[in-house]
Structure formats: structure tokens, C-alpha cells
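The structure under discussion appears below in the form of C-alpha cells.
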Amino acid sequence: MPAVGGIASGGGKEYPGNLTPFVTITCIVAAMGGLIFGYDIGISGGVTSMDPFLLKFFPKVYRKKNSDKSTNQYCQYDSQTLTMFTSSLYLAALLSSLVASTVTRKFGRKLSMLFGGLLFLVGALINGFAQHVWMLIVGRILLGFGIGFANQSVPLYLSEMAPYRYRGALNIGFQLSITIGILVANVLNYFFAKIKGGWGWRLSLGGAMVPALIITIGSLVLPDTPNSMIERGDREAAKAQLQKIRGVDDVEEEFNDLVAASEASKQVEHPWGNLLQRKYRPHLTVAIFIPFFQQLTGINVIMFYAPVLFNSIGFKSDAALMSAVITGIVNVVATCVSIYGVDKWGRRALFLEGGVQMLICQAVVAAAIGAKFGIDGNPGELPKWYAIVVVLFICIYVAGFAWSWGPLGWLVPSEIFPLEIRSAAQSINVSVNMLFTFLIAQVFLTMLCHMKFGLFIFFAFFVLVMSFYIYFFLPETKGIPIEEMGKVWKSHPFWSRFVQHDDYANGVELAHGPVKTV
């Protein structure tokens, strides 16, 4: 695959170091921060398809779903209050990620993870014991605050701890945890929905306490990253920590580069304003466009509302929940493919292959649903082969996302930012991600009602656009040390015009005095 605008991976400095058991276990524990995000994505769609939950909190939706059999299948879940239950979390995550930037920069990555776990824990308790819609919304907002802190700090932590040769695989552990969280949530929904008495939804929502406790306890036992320790002035401990996680004594070159990057970052008075500097235009663009396109792949339509979607296209409730379990399994397996290949095949190859795969599947699913449901949304009796075809192509679509835009949407932004803007830029990345997750979650059911099968064409268009963006504007970052990342922009035929030669020295960004806000 031609690397348009890319550079040869590797080259430049090669820091000594091994993939030690210590750093492997550390990254696995930290990556479990993704469980809270994944569990929530998976649990909300299943709960909103459970009749006892709808009857208690959203009786209008319940009556529309069960009483009026003439209702257009596309529109049976169209309720702004119901979608607010799901989407309020992501608006809260957007706001908290901005606060998390300051906490992560000044107090370290671990404290942000701890805040994330505690807030998520309280939100899960409130949701599990909810008696009114307002309690559901308050609980969801607290869950969102927790996710904002975790998603801001965990990818940074992983990118800073991992040896550069294995950074891609270890960072994708975060996405793997998200997919495991989704799968576990789907399986639990399937079984909890069968509990007599109709209170299984409380176990589904309250079960979020388990991943919350994992990240809370994990944040207390994890070591801090050398980057963060240097940033807070503890250089001796940082050097000892670097030797421990690399498994070698000779870390002088990497340590000196980390110190140089930290010194440069301290000269930056206003990291948010610094993001607007011309030399950071490539970084800012990636921080905005990658999460923007990640959400407009349409994946959250599948993952948020998989049971609802399958139910809406004519499957019975049990079949809808089981279809969501199947897509969850595919999601986990395909993410493992990305862990194996990201540091072998590179980021760009996976991005582009996944884009083509998703585009084809969306076209097929749109045609299949359009042919059977038409405009009025009343398919009559659905044959078994039809159900198998739809689920098969949705699974192929999920696989394409899970080894490309899913993990790489978190990996690439977390590895390209220099230290002086890293926390602020990661907050932009999370904020854009959560903003569009919120918007899509809020309007999806209304869009499904009005656009019908054309909704899949809508998302397919953005998959096409984002594949062109990757092809022409994203350089390859495989095998490049995180503090050497500046050279990918200097070598890029488009972005090199924004980066002057003296903006970087030996791969480490230079700051020329205090930076004024723009």
C-alpha cells in the first residue's frame, strides 16, 4: 500500500529496552480502564430494549413498541427522553475531559484514573437503585464524568510506559478492554433479561460497579510514568523508574530526551493557547479529525443500540440480545488481530483496509434492509436467511472497525503529541470524541425513523471521506519513539509547510520562551 505523505517507519534513534514482565503487567492493568467505557456502551442498548425497564421509566415507548403493531418498525424507539438516558453520559464525559487535562498534567496520570473510577462507581450505584428518570440521568452524568477522566489519562499512560517498538500493541490493550466490556455487558443483558420479576435491568446497570472498582484499585497500585514524574520535578525517581520498565541500565539517551521535552514544556505558560501555534497545526488537526471520523463510521449505532436495532428490523427480543452478543465476540477477536499487526503492518494499512471493509458492508446492509423494509418499515414475516445475512455483514463491518478505526482512533492521537501540549491535546481528542458520540446517540433513533435504511448510506459517505483523509494526510507512526515523533511532520509533503526546521532538534520539540495565548 503506497505511503502517500508517509515516512519510512523506524530509523533515527533507537532506545535500548525490552518488553519486561513488569511493564506488560502494568499496561494490562492500566488498559482495564477501558472496561468502564465498554461496559457502558454495551449495557445501555440492552437495557433500553428490556420491557420492564421501558414500562417503569419510558411507558410511552413501551406502549409504542408492544401495543401498536402497525407502528413503523423504524420508529418504534423514537423518544428524545430515552436517547437522553444514553447520550447524557457522553456530554458529561466531554466536560470532564477538559478538567482532566489539568489534573493529568499537574498531578499525574494515576490521579485522573482514580477520579475516573470513583465517579463511575457512584454513578453505577445511583443507576442500579434508580426509582425515577432523573436518578437515571444523574447516574449517567456521573458515569460520564468518570469516563472523561479515564479516557483522557489511560491512553497517555500506556503510550508513555510502553517501549516504542511495542507501543501500538500495548496501547491497543485499552481498546481491547473496551470490546471486552461491551461483550460482557451484552452477555449479562441476555441473561438478566430472563430474570423473573423484571428487575434484571438493575443488575445490568449496577454491575458497572465491578469495572469501576477495577480501575479504582488499579490506579492505586500502578506506578507513575517517567514522563509524568519528570514533569512534576522528580527526576531521580523517574530515571530509576525508566530503568525498571525498560529492563536495562542504559537509559541515558531516552531519559535525556524526556528531560529536554519536559524543560520545553515548562516554558509553555498556556498549553491550550499553545495548541493554536502554526507548528502544532498537524497535531491539532489529527486531534480533531480522527475522533470526529471515528464516531461517524456509524459504529456506535451498532454498539449502543445493537439489541434495539436488531429488534427494530424484526428480530424478537431474545434474538436481538443474542445478535448483540455475537457482534461483541467478533469485536473482541478482531481487536486481537490489531494488537498482533499494528506494529508489523503499520497504522495506515489498517486504517485504509478497515475503511474499505466498512464501506462495502454498510452498502450491503443498507440494500438488505431497504429491500425488505422499504419506506414504510413493515417487513412482514422475515425469513431466516435474511436475518443471517444482516448479522453476517454487520459482523464483518464490526471486525473492520475493531482492527482499524476502533483501536487506532485512540492510539494515534495519544502517541503524536509532544509533552508540552500532550494533556491539552488529548483532552481535545476525548472532547471531540464525546461530543460526536453524544450527538449521534441523541439523534440516531430519530434519524433511523426519518432516514430509514438510508442511515447506513449516510455513515458510508463519511467512511469514504475519512479513508481519503488517512491516505493523503496521516503519516506512518509505527516504530518511532514518542519524543522523536516530530520528524513525521517534517518529512510529510503537506504538513512540512507548517513545521520549520528549528521547531525540532533531534526529534525533541523546542520552546522559544513563554508562549502567549492566542
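Placement of Cβ uses the backbone N, Cα and C atoms for every residue, glycine included.
Listed in TrEMBL:
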type: TRANSMEM; residues: 19-39; note: transmembrane segment
type: DOMAIN; residues: 26-478; note: domain 'Major facilitator superfamily (MFS) profile'
type: TRANSMEM; residues: 87-104; note: transmembrane segment
type: TRANSMEM; residues: 111-130; note: transmembrane segment
type: TRANSMEM; residues: 136-158; note: transmembrane segment
type: TRANSMEM; residues: 170-193; note: transmembrane segment
type: TRANSMEM; residues: 199-222; note: transmembrane segment
type: TRANSMEM; residues: 284-308; note: transmembrane segment
type: TRANSMEM; residues: 320-342; note: transmembrane segment
type: TRANSMEM; residues: 349-373; note: transmembrane segment
type: TRANSMEM; residues: 385-406; note: transmembrane segment
type: TRANSMEM; residues: 427-447; note: transmembrane segment
type: TRANSMEM; residues: 453-474; note: transmembrane segment
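In this chain, the transmembrane segment (453-474) lies out of contact with the transmembrane segment (136-158); the count of Cβ pairs under 8 Å, excluding pairs fewer than 6 apart in sequence, is fewer than 3. Among the listed stretches 199-222, 349-373, 385-406, 427-447, 453-474, the one sharing the most Cβ pairs under 8 Å with the transmembrane segment (87-104) is 427-447. Of the two recorded stretches, the transmembrane segment (320-342) does not lie close to the transmembrane segment (19-39), with fewer than three CB pairs under 8 Å once pairs fewer than 6 apart in sequence are set aside. Residues 113, 116-117, 120, 143, 146-147, 150-151, 153-154, 157-158, 161-163, 165-166, 170, 173-185, 207-208, 211-212, 214-215, 218, 221-223, 244-247 of the same chain sit 6 or more residues outside the transmembrane segment (19-39) yet have a Cβ under 8 Å from a Cβ within it. Between the transmembrane segment (170-193) and the transmembrane segment (453-474) there are fewer than 3 Cβ pairs closer than 8 Å, counting only pairs 6 or more residues apart in sequence, which means the two stretches are not in contact. Across 199-222, 349-373, 385-406, 453-474, the stretch most heavily in contact with the transmembrane segment (111-130), judged by Cβ pairs under 8 Å, is 199-222. Outside the transmembrane segment (199-222) by six or more residues, the chain places 26, 29-30, 32-33, 35-36, 39-40, 43, 46-47, 50, 52-53, 110-111, 113-114, 116-118, 120-121, 123-125, 127-130, 139, 143, 146, 150, 157, 181, 185, 188-189, 191-193 with a CB less than 8 A from a CB of the stretch.
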